[in-house]
Amino acid sequence: MKHTVEVMIPEAEIKARIAELGRQITERYKDSGSDMVLVGLLRGSFMFMADLCREVQVSHEVDFMTASSYGSGMSTTRDVKILKDLDEDIRGKDVLIVEDIIDSGNTLSKVREILSLREPKSLAICTLLDKPSRREVNVPVEFIGFSIPDEFVVGYGIDYAQRYRHLPYIGKVILLDE
């Protein structure tokens, strides 16, 4: 499919918003008294996770999960698979799930359900991008970077068939007539 990528959210805007999210998260957890774990959902969240964890000024651990509901195309599937689980125990800890983009909410709902069974002290979600118009499952999201329209986006860790993760901005994929 011939396509091009148009800048939707520039790099500077992303950096500024992540700094603000870091301040909000720090404020929320600074007096918790519990250990905190940021759980990045791979692969898409890796850039966001790296930048966000430097902005959160509360001592925290970092762990990762891989959950997938995407094939190689441009739409989500309802089937959610856990491909990599956490390495650490989260019982009694403040857990913040860090996601790149929330679309249908199916993947995040499943991950949240799995993690809640492990008895964390608290469980919250932070996403860089939110597509509320695509939501099929109501998932509580405490920290949102940007709400965006129903566009297929890439960049800043988000891919299209494993391409474009390297872009420093969020771009909109535009299909071209062939």
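Every residue gets a Cβ built from N, Cα and C, even glycine.
Among Lys15, Lys30, Lys131, only Lys131 appears in Swiss-Prot as part of the GMP site alongside Glu99, Asp103, Ser104, Gly105, Asn106, Thr107, Leu108, Asp159.
When the binding-site residues Glu99, Asp100, Gly105, Thr107, Asp159 are screened for a Cα within 10 A of the Cα of Arg165 (diphosphate binding site), the ones that qualify are Asp159.
Cα separation, Asp100 (Mg(2+) binding site) to Gly44 (diphosphate binding site), rounded: 6 Å. With all protein chains in the displayed structure included, the most crowded Cβ environment within 10 Å among the binding-site residues Glu99, Asp159 is that of Glu99. Its Cβ placed at the centre, Asp103 (IMP binding site) has 21 other Cβ atoms within 10 Å.
Rounded to a whole number, the distance between the Cα atoms of Asp159 (GMP binding site) and Arg43 (diphosphate binding site) is 9 Å. According to its DSSP assignment, Thr107 (IMP binding site) is helical.
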